[in-house]
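Participant: After the structure tokens below, expect a handful of questions from me.
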Amino acid sequence: MESQQLSQHSHISHGSACASVTSKEVHTNQDPLDVSASKTEECEKASTKANSQQTTTPASSAVPENPHHASPQPASVPPPQNGPYPQQCMMTQNQANPSGWSFYGHPSMIPYTPYQMSPMYFPPGPQSQFPQYPSSVGTPLSTPSPESGNTFTDSSSADSDMTSTKKYVRPPPMLTSPNDFPNWVKTYIKFLQNSNLGGIIPTVNGKPVRQITDDELTFLYNTFQIFAPSQFLPTWVKDILSVDYTDIMKILSKSIEKMQSDTQEANDIVTLANLQYNGSTPADAFETKVTNIIDRLNNNGIHINNKVACQLIMRGLSGEYKFLRYTRHRHLNMTVAELFLDIHAIYEEQQGSRNSKPNYRRNLSDEKNDSRSYTNTTKPKVIARNPQKTNNSKSKTARAHNVSTSNNSPSTDNDSISKSTTEPIQLNNKHDLHLGQELTESTVNHTNHSDDELPGHLLLDSGASRTLIRSAHHIHSASSNPDINVVDAQKRNIPINAIGDLQFHFQDNTKTSIKVLHTPNIAYDLLSLNELAAVDITACFTKNVLERSDGTVLAPIVKYGDFYWVSKKYLLPSNISVPTINNVHTSESTRKYPYPFIHRMLAHANAQTIRYSLKNNTITYFNESDVDRSSAIDYQCPDCLIGKSTKHRHIKGSRLKYQNSYEPFQYLHTDIFGPVHNLPKSAPSYFISFTDETTKFRWVYPLHDRREDSILDVFTTILAFIKNQFQASVLVIQMDRGSEYTNRTLHKFLEKNGITPCYTTTADSRAHGVAERLNRTLLDDCRTQLQCSGLPNHLWFSAIEFSTIVRNSLASPKSKKSARQHAGLAGLDISTLLPFGQPVIVNDHNPNSKIHPRGIPGYALHPSRNSYGYIIYLPSLKKTVDTTNYVILQGKESRLDQFNYDALTFDEDLNRLTASYQSFIASNEIQQSDDLNIESDHDFQSDIELHPEQPRNVLSKAVSPTDSTPPSTHTEDSKRVSKTNIRAPREVDPNISESNILPSKKRSSTPQISNIESTGSGGMHKLNVPLLAPMSQSNTHESSHASKSKDFRHSDSYSENETNHTNVPISSTGGTNNKTVPQISDQETEKRIIHRSPSIDASPPENNSSHNIVPIKTPTTVSEQNTEESIIADLPLPDLPPESPTEFPDPFKELPPINSHQTNSSLGGIGDSNAYTTINSKKRSLEDNETEIKVSRDTWNTKNMRSLEPPRSKKRIHLIAAVKAVKSIKPIRTTLRYDEAITYNKDIKEKEKYIEAYHKEVNQLLKMKTWDTDEYYDRKEIDPKRVINSMFIFNKKRDGTHKARFVARGDIQHPDTYDSGMQSNTVHHYALMTSLSLALDNNYYITQLDISSAYLYADIKEELYIRPPPHLGMNDKLIRLKKSLYGLKQSGANWYETIKSYLIKQCGMEEVRGWSCVFKNSQVTICLFVDDMILFSKDLNANKKIITTLKKQYDTKIINLGESDNEIQYDILGLEIKYQRGKYMKLGMENSLTEKIPKLNVPLNPKGRKLSAPGQPGLYIDQDELEIDEDEYKEKVHEMQKLIGLASYVGYKFRFDLLYYINTLAQHILFPSRQVLDMTYELIQFMWDTRDKQLIWHKNKPTEPDNKLVAISDASYGNQPYYKSQIGNIYLLNGKVIGGKSTKASLTCTSTTEAEIHAISESVPLLNNLSYLIQELNKKPIIKGLLTDSRSTISIIKSTNEEKFRNRFFGTKAMRLRDEVSGNNLYVYYIETKKNIADVMTKPLPIKTFKLLTNKWIH
């Protein structure tokens, strides 16, 4: 019924905006443009159905009033329900409805549901049905004509109108941001227009074309609130809605006004950008036009600063005004008002001098604005005046611009200040000079710029002796006076045009005149207070007035900026005309253009070019006579000197005087070449060359690095060689300014030897041509030799050596002699020379077996330096040898192509060898003597480590155990070799050790592990052979897998448990003959020393000393006993009861007996069945077994002899693969990528924090100008090696903050894009601990700072580009880096150099030599770790002064100022420190461990008990086969890396008691057996149980006059594989433990004494370095002590017997220790084994012993 009524009264029905909706919703991810025809039909059908079913809602459903709005609601539209918007989008009507709103007088409701009004419901497109009124209406809401008073159309034409006007309207987009509202309104208005509602939209005057109906208002209200959510509305829109929430029309009206305003703004900007002015219109009109535009833009929020405005104005100047572009472009602080002053001046002079020369004003403008300094272009010095004192600056040349006023200055008391007015000065005749408009104000508004001029005022200057003025308008009685000489404050002449009188008319009607000079070459009109004083006028700056001596006030003084001014309105104008002023100075040069000005005008061309151009009339408008060339001869343009600076010209033949002045070998040239990248570690990366000036004799020496000691060794060698071989002394060495030559060490060496260093100037390579050309020649020869021979690149220096030998023997075209002949040497015997790379066969006199071939193919390199042999490269052994036992391959009889060097590595067949050769050995000389040694210890490349790059990924495939066995020969017939050379293979096998030296010794095959690093002592130490208490090695491992042993002999490795081996025949040490004697224990040695050593007999007996110390040296200043007590007094040693002197403790009596059974341990060691076998027999046994295995594997048949398989199974490949491809293991990643942190992060709160951190990082990058934002580059145009990938990484810091960092992928950075010689230094951990210890003893304040984004302060020198992150959508573009982005290889070094330079130059610091990142001055010590700074000072103000200086340049944050006298807590480089000044310091990591250890997924406290020690003695790591698949192996290795990584970090920070256990397990990272993992879990469990332990320091006694530095040393003899010994050292400063070290001895020791000597010798260098650091930081005297529990070691160190030691290695170490004791005041004392706290560094100890040795210093 009701629906029928609706159809009958369709002319007042509500529209189909709510009725014609479908029941289907459009998915949010649907393409809004993809609307198929089928969907259109569905929409139409649904619309029809909905129209037919539309009903009204009963009146009882009216909604209550909205409680959120207190103001009354409009009668026409009801308030919404439950908030500012309707809950169901339903509009109701109260009783005050207008007619036509409802049927039969009942309230009607329009059903609007949220989904119906949603933009997603109405499919956008041409078929969209929103908004469309129902067909019963007759027509959509059409816009009636203004004449029509009806709102709706006539029903008679409903059908036709509906047909003609029906269309589908795309809804407006959703508003998503307040900033997008202006653009959204435009689309909304367009939406209303398309909906036939254009008539209700307000016009420009704010009124619509027609009145809006109620239905339209309802529609307007609902659509606005749906598509413009309240949270995204601008503030001004919310303000309107808060008054009337339905007033949408007001919002539309104001939005249209803003659009019109935006249009006006755009027009103003276009006008301002296209300004044109040539003087055809008055300057006032032009100024008014420009200022109005700028004011309008500023009022609308578009700020146009002075610089931009001036540039736009000057760009539009033309004609005479164009000249201002060149005179004003350098003034950075110029204002618009200043520029218009110049425009006005030119315009007025144009008007006043129309009959004069056209360019006359231009000349004056030139002199005024561009030639202030006359012939001297140096910028005049500005002397600032004290605003509270009298101006006392001297007369100065004016700056090049005037200054305008602004509007924020207070007025003065004596004169009212009015707004600037302009009144032209009326002159008596047409020749009167017009000087512009006079300023009438006596007080002005001013800015704070001290260099601004106050227009219309004179500057009061107490330092000026004469008054100077620029304008002739006020000069009376002008006359010429060329004899006046005036200079400015910089002693530069100021040209004077005229002299006259300056007449004043003051407030009291008195008139006064003073002398004045006229010159246009000043910036300010200067009024001399001295000349005013001569006429009884003084300036009172307290009252700010000019007054007479009787107190009569004459005129007010204005304070503007830093100066004081008096108004020109008190000056009387004159009637001087333009010609009068011009003709005052009769000098011809004053009417000419000054040459400096012409020089700048003509683009700084040289004088000759300018003169020639003027003479030939190539430049018009003036000729050569118009230029004053009086100063052109001696004129120097500073800009030209800077911009055109060039290197000095080198005169040909300039070095001839050196050749005539010096004898041979007195003048040398030297230079360093390198580095050569991608080479093995054992191959040299550099070489240093020397060339004699006179003879041109050349020497080359290989270098592995450019360190000071390496360079010094070469210099020592070359000087000794020249002195001994040529009986000459080097007088001068010429070199460049590289740091390797300019360092202090080399400088002192040259000075000591009386050699003068001659350095080249910076960046002047031509001055170093001799050395540079030699390096280029040798490098060309090297490339040619390698190309011709086909030898691998790691032999590059051999090619250099060969070329040097040949070049020294070739004659010079100039001298017709060779360098050898000039040096007096015989010519080169070419019969002894072979072509580089000549194939040869080398005799092997000691093959692996009797059936192996005796000849080894090789390639000749160059003659030996040290013998009559030849250096030959053996590819099969990957080494070079020095031998004469070789035969040259020649002719067609060569069968070298049948040798298979290494099928796994070499891809080229040996038949490809080229390079012809000629044999120089006769046929009867082929058989060489067998008694010559094949090897030579002198060869610099005797061991070749293979190429470290591109390791073979052996983890992905099985490797046969027979990979390293001798290769078999080819079974097929091979082609015979022609007479051309055989080309050697270019690649070498990266998996064969460099230690395989000919003759091939049979070695144990223990696989070594390299590059496992720990942060020990603040640095990096390599961790070596694993073992807690290792058992003997299986004798079945291949010898080829002993691939890294040499690496570990030269590193600070960590080793394993100690066992007391006795009764082993050894050679005695010290002063005895080499005889075999029984091994004795330390106690027996101690007894023997007591009976034999007189110094020990003289010392107090042991029962009278609680420490049982044996002194070594008797000091002259302090008694031995006092020194001993002083050193021992404060050490944290355990308390033990005194023992009988005849009873000596056995430090190993608590150790359990060694297991007698033998396991499959691949690492060998102390688990052997016969612990007392001699060393020689033990080694021979291993070698013999290895040989048997290798022979058996050569003939092994896996099919027929499966049951007899040798002891190594295929599963062992997991350990082998890990050793060979250790670099393939990915590092632990603790950060998140962008997609992990933001895109796919389901934790909303964390995601928001990461987003905030991301925006903060982006803003910081833009603030620091990290890259060039002016230009983006195409990827195709840039060299790929200069392109660096970039990415964002995210992590959560320890303090809970979320951090984002934009980093470069330095891990894939090309080597050519950075200097590998640069180092990124950080403070050494020992330096930090030393500084903290000294701070405690000296009551220092400790201040902690942080520099934000430190790397970004360092500029980058190289040309590098980065790819923007992928999510930024710039995949095809590149941006150029300007700053050192985090992640780049050179960023750390660049930042170090930047902050180092700033600390030295600006903060007055100096870096402590030998201790990078430690800076000091007389008051402050600074430790620098990247962006963290720790400041130590006795005076807190000294720290604050440094902080103030740092903040001037860097964003410096004070983390902890350290000013409290109570306990202060720090977090310094991972250490949690509690410090109470003058009392104690505690160092720990409890909070960090509490957070990190649970994240390691270690089963903590599995048995519910706490561990008392990290390990127990008697535990052995089994080295059985590791039966594990690939994936599980990698997973466990990754787990071990995490666990040991954390343990190493903690151990080397402060838990020195755990170092032995940490290092032992670290060596098993690549052998993650179940036993190793369990032991690692036990170590982590102990760290968890003792996480609250701290390293405790107490302040030293204030009465102590000295600093005491002590090293406690210990060694465990022979408890490592190959009978290596474990050594350990602990370092203490004033009784406080500051560091520790546990490592494996690099040499095999044959007794406990040798092991102890090795341990002590390892501690001495660091002891000396720490001593130097302490003396630099604290000037107190220092006592160095060394404690050991080996009396025999003490006896050897103390002995004066100089007989030969057992071997040169330990003899050298012992003699070094003697020198330290005798020459460096090192005191050595004995300490009981049970008190030796270094014992924890060398072996696992029982719980009781472990606690006893550690509980005094860590608890």
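Even glycines carry a Cβ here, placed using N, Cα and C.
So Swiss-Prot says this about it:
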ACT_SITE  ASP461  active site, for protease activity
BINDING   ASP1346, ASP1427, ASP1428  Mg(2+) 2 binding site
COMPBIAS  1-16  compositional bias 'Low complexity'
COMPBIAS  48-60  compositional bias 'Polar residues'
COMPBIAS  127-152  compositional bias 'Polar residues'
COMPBIAS  153-165  compositional bias 'Low complexity'
COMPBIAS  402-418  compositional bias 'Low complexity'
COMPBIAS  960-969  compositional bias 'Low complexity'
COMPBIAS  1005-1015  compositional bias 'Polar residues'
COMPBIAS  1038-1053  compositional bias 'Basic and acidic residues'
COMPBIAS  1054-1082  compositional bias 'Polar residues'
COMPBIAS  1101-1111  compositional bias 'Polar residues'
DOMAIN    660-835  domain 'Integrase catalytic'
DOMAIN    1610-1752  domain 'RNase H Ty1/copia-type'
MOD_RES   SER416  phosphoserine
REGION    583-640  region 'Integrase-type zinc finger-like'
Participant: Applying the rule Cβ within 8 Å of the centroid of the Cβ atoms of ASP1346, ASP1427, ASP1428, what extra residues of the same chain belong around the Mg(2+) 2 site?
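Facilitator: Residues close to the Mg(2+) 2 site, other than ASP1346, ASP1427, ASP1428: LEU1345, ILE1347, ALA1350, PHE1425, VAL1426, MET1429, LYS1453, ILE1455.
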Participant: Which one of the recorded positions (ASP461, ASP1346, ASP1427, ASP1428) has its C-beta surrounded by the most other C-beta atoms within 10 angstroms?
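Facilitator: It comes out as ASP461.
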Participant: Could you give the Cα-Cα distance between ASP1428 (Mg(2+) 2 binding site) and ASP461 (active site, for protease activity), in whole Å?
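Facilitator: ASP1428 (Mg(2+) 2 binding site) to ASP461 (active site, for protease activity), Cα-Cα distance: 50 Å.
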Participant: Could you give the Cα-Cα distance between ASP461 (active site, for protease activity) and ASP1427 (Mg(2+) 2 binding site), in whole Å?
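Facilitator: Distance between the two Cα atoms comes out at 49 Å.
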Participant: Any idea what DSSP makes of ASP1428 (Mg(2+) 2 binding site), helix, strand or coil?
Facilitator: strand
Participant: Count up the helix, strand and coil residues in the region 'Integrase-type zinc finger-like' (583-640) according to DSSP, in that order.
Facilitator: 26 helix, 4 strand, 28 coil
Participant: Which numbers of helix, strand and coil residues does DSSP report for the domain 'RNase H Ty1/copia-type' (1610-1752)?
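Facilitator: Residue counts for the domain 'RNase H Ty1/copia-type' (1610-1752) by secondary structure: 69 helix, 32 strand, 42 coil.
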Participant: Could you tell me which three-state DSSP class ASP1346 (Mg(2+) 2 binding site) falls into?
Facilitator: strand
